[in-house]
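**Student:** My structure is below; once you've seen it, I'll send some questions.
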Amino acid sequence: MSKYIFVTGGVLSSLGKGITSASIATLLQHSGFKVSMVKIDPYINVDPGTMSPFEHGEVFVTEDGAETDLDIGNYERFLNTNLGKKNNFTTGQIYLSVIEKERRGDYLGKTVQIIPHITDEIKRRIKEVAKDVDIVVVELGGTVGDIEGLPFLEAVRQLKHEVGKTNAMFVHVTLIPYIKAAGELKTKPTQHSVQELRRIGITPHMLVCRTEKPLPKALKEKLADSCDIERDAVIEAVDAPTVYQVPLNFLNQDILVPIAKQLDLGDLHPDMTEWNFIVKKIISPQKSVKIAFVGKYLQLKESYKSLIEALIHSGAHLDMKVDIEWIDSEDLEKADDEKLDEIFNEVSGILVAGGFGERGVEGKLKAIKYARENKIPYLGICLGMQLAVIEFARNVLGLEYANSQEFDPDTPEPVVYLIDEFIDASGQKQLRTHKSPLGGTMRLGGYECFVKKGTKLYDAYKSDKVIERHRHRYEVNGAYEDALKEKGMIVSGKSVEGLVEAVELKDHPWFVAVQFHPEFTNKLKSPNKVIMSFVENAYKCQRSC
């Protein structure tokens, strides 16, 4: 039978439940177990796809086309695996599924209630993930005591009894605040949080304590005694120089001992040699390179979580620190040539990230033009590719009114236009118009890209076919391909249907733009190749360009 580890959070949010969950899963995976993960989000949205980046942070896209919580990205990067739609679900999805069943008559006229119908649907989804693995780690979003989370806590409480006490474990992530004025660490918030869990019928088997200061032995013993857990199951989680250090910190505290004891796993000895080697490269690299990151959601940098991690991973594998120079695209709109020189003077590469809407677009166009004219290595992603084509069409082809239909539906030169027909990740034909609903209507998930030999994109991938993930409604208009090629911008990647997937400049040290999101396939142990090529060429350029 599969084993279950449920990770809850107390006191307040953003304590690092996702990293804690991923770290535990990683240690178990490196101990030889087949591990998967689930993230439960208690909000009523069906998925985060239509939520503002400022509200939710990044929307992570899986191989099978799900728009998910950014923690799914953390799980994939830690476990070096691909997850999917079944690994993330929300209150909205649960209620929608139950209501659809009720409308079909699946409940045979019964009154539909939280218990058993909602809780049964939650348990069914968790069990579905557990079917093919040894251990599933389930992170429950939110904080204990939130009204939205009660059905989920009840469901996992029931599940524990169904699978038996040696097949389920509860890990509670909590805060031990340090009061500077008193010079003391305080345990009372954690004690109250555990009491709240107990009222629901759950007693945690382990505490993971976020803290600014190391926890004295006496304080750990106090927590263990007051919360009724074993003393070796109080784990401290101090801030680390990188999140990838956290599994190693946990391992140094023998976190697997109480886990193995509770789940009857035997002696565990994870091999973290390769992991430790990469972490050292992240913390103490020999070289450095500065990259300008041009975006429009910089107030919440978690909007670009996967891309930031991809740069870090590429740097680690090149023994290099990637210093990110954050540049708000709206600030560039007001900048003259002298100001642009000042902004980009010390950077060795320019990255223009994806986004939606017209805000900040003119600033991104200025950054792209600067990279093109000054021979600075450039990577454009999603909108960053579309704008690279618009900039080239306006300033090199002389098409003054070249634009995207996203910003000007009536543009006379639609070099970027709405994808009105495509085959989705499940093989189904999809039709779209400007009036189609926003939720779940984009080109989503992994698609094949055929790479043209003799291009920089081919040099990066060393393959003529790759699978990368997409999240977009608009696409470069293939009708302009010949005109672009004649002036030096070539299409270096296309989809099965012939959609433009990548463009690059022939007479430039390294100018590549892609419609897909390479950051979504990036992993700690296997960085995305086009992002790593960008970082590598930016470093080369700072020394020779």
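Using N, Cα and C of the backbone, Cβ positions are placed for all residues, glycine too.
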**Student:** Among G349, G355, G445, find me the residue Swiss-Prot lists at the same L-glutamine site as L383, G384, M385, Q386, E406, R473.
**Tutor:** G355
**Student:** For the CTP site that Swiss-Prot assigns to S13, D146, I147, E148, K186, T187, K188, P189, T190, Q191, which of K101, K110, K222 is also named?
**Tutor:** K222
**Student:** Out of D64, D69, D71, D106, which one does Swiss-Prot list together with S14, L15, G16, K17, G18, I19 for ATP?
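**Tutor:** Checking D64, D69, D71, D106 against Swiss-Prot: the ATP site match is D71.
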**Student:** Would you work out the biggest C-alpha to C-alpha distance among S13, K186, T187, K188, P189, T190, Q191, K222, the residues that bind UTP according to the record, and give it in angstrom as a whole number?
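**Tutor:** Across S13, K186, T187, K188, P189, T190, Q191, K222, the widest Cα separation comes out at 24 Å.
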**Student:** Work out how many Å separate I147 (CTP binding site) and G16 (ATP binding site) at their Cα atoms, rounded off.
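**Tutor:** Answer for this pair: 21 Å between alpha carbons.
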**Student:** Quick one, of the recorded positions L15, I19, I147, C382, which Cβ has the fewest other Cβ within 10 Å?
**Tutor:** I147
**Student:** For H517 (active site), find which of the recorded positions K17, D71, C382 come within 10 Å, Cα to Cα.
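**Tutor:** Near H517 (active site) by Cα: C382.
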**Student:** Given the model, what does the mean pLDDT over the domain 'Glutamine amidotransferase type-1' (290-544) come out as?
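**Tutor:** Across the residues of the domain 'Glutamine amidotransferase type-1' (290-544) the model's pLDDT averages 92 on the 0 to 100 scale.
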**Student:** Fill in the CA-CA distance, C382 (active site, nucleophile) to E139 (Mg(2+) binding site), as an integer in Å.
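**Tutor:** Pair distance, Cα basis, whole Å: 30 Å.
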**Student:** How long is the line from the C-alpha of Q191 (UTP binding site) to the C-alpha of L15 (ATP binding site), rounded to the nearest angstrom?
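**Tutor:** Q191 (UTP binding site) and L15 (ATP binding site) have their Cα atoms 16 Å apart.
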